[in-house]
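Everything below concerns the one structure shown next.
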Amino acid sequence: MSELIQNVKTSFEQVLGYAPSHIIQAPGRVNLIGEHTDYNDGFVLPCAINYQTVVAAAKREDNIVRVVSVDYGNAVDEFDITQAITFQQDKMWANYIRGVVKCLLARGYSFTGADISVSGNVPQGAGLSSSAALEVVIGQTFKVLFNLEISQAEIALNGQQAENEFVGCNCGIMDQMISAEGRENHAMLLDCRSLETESVSMPEEMAVVIINSNKKRGLVDSEYNTRRQQCEEAARIFGVKALRDVTIEQFNEKVAELDEMVAKRARHVITENDRTVEAAQALRAHDMKRMGELMAESHASMRDDFEITVKEIDTLVEIVKEVIGDQGGVRMTGGGFGGCIVALVPPALVDDVKATVAAKYQAATGLKESIYVCQAKDGAGLVEVL
């Protein structure tokens, strides 16, 4: 993070002509288990990771917000918070920031503008929530600069609202919530219906290894929408608000009445919810053998019932599983059809995992992986007052 801090300080001083007063950060995240459960009102178990978005900031008194994006060649966006805050077609990065500010104002928070320089190292397009980290760090920045009475949960909800309503991208609450509320060496069990969270301690030093298959993700949006509709149809047939409300026993009684495809989709969600709650217990007990079994079952369910994995992802999972055995766990993470796998790996095996993947993955698939070795880290907050 020190390089990011240096970059935002330098760009702030060069472009805006004076020194910032505060450094704030918000992390990306990875979901350990609980896939496609969020929009079914279910459970997820993410952790925040040590890739983050960092801001250098200072308050203004004239209702102007000026933002410098280090990652877009020090491009600048400027707007007046007393005027209508509008969507910028030609500056997509700026819309996340404008949306967060607009939603904060609509929620009744008062502040008088800010100068902000922002940079991040959360890999974009890998499904590690670079957009949520940006939304949360901007909310956190206004909280810090103006001592706003806003909870971390509301910073998360505000970021989600900005993405849904201003940017126009439909997302659940998980990404923002873990970025805002994460804890070092802990995962977070999140109930996507009540938004209650529970910190789940992880074995210290356990590496969270994220491997991007670099398989270009096709069909994601259309397939995602189809899965969502199938889940909603299953919930209707069961007469419940969401699949969260169906037990596996109820499912088994009624499975014959369901269309085969809908049944497979529903079975994934129902069993995945149970697995996620049990995984939190296993992780808390530092029972990595059980955690590994649950992650393996989750992957098989995504592959066979939800049908969202691809050959490259299945290959990566198999390669990693060979190395870690029952000392950790591995599964696809994220929306599917490419993207990443996540593995919980004892530190002593991290180099073996990297070497084995390097030796076998490209030979099997023709693609070169990207590996990120992470730890579970704290959520958003103030880094330093300058």
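Every residue, even glycine, has its Cβ placed from backbone N, Cα and C.
Record features (Swiss-Prot):
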{"type": "SITE", "residues": "R29", "note": "site 'Transition state stabilizer'"}
{"type": "BINDING", "residues": "E35, H36, T37, D38, Y224", "note": "substrate binding site"}
{"type": "BINDING", "residues": "S69, G125, A126, G127, L128, S129, S130, S131", "note": "ATP binding site"}
{"type": "BINDING", "residues": "S131, E163", "note": "Mg(2+) binding site"}
{"type": "ACT_SITE", "residues": "D175", "note": "active site, proton acceptor"}
When distances run from the Cα of R29 (site 'Transition state stabilizer') to each of the binding-site residues E35, H36, T37, G127, L128, the nearest one: L128
Cβ neighbours of S130 (ATP binding site) where a neighbour is any other Cβ within 10 Å: 21
Closest of G127, S129, S131 to the residue listed as 'active site, proton acceptor', Cα positions, binding-site residues only: S129
Nonlocal neighbours by CB distance (under 8 Å) for H36 (substrate binding site), same chain, sequence gap 6 or more: R227, C231, H268, V269, E272, M302, F306, I308, G335, G336
DSSP three-state assignment for G127 (ATP binding site): coil
Neighbourhood of T37 (substrate binding site) by C-beta distance under 8 A, where only residues 6 or more apart in the same chain count: F43, V44, C192, R244, V269, E272, N273, T276
Length of the line joining the Cα atoms of L128 (ATP binding site) and E35 (substrate binding site), in Å: 14
S69 (ATP binding site) and E35 (substrate binding site), distance between Cα atoms, whole Å: 32
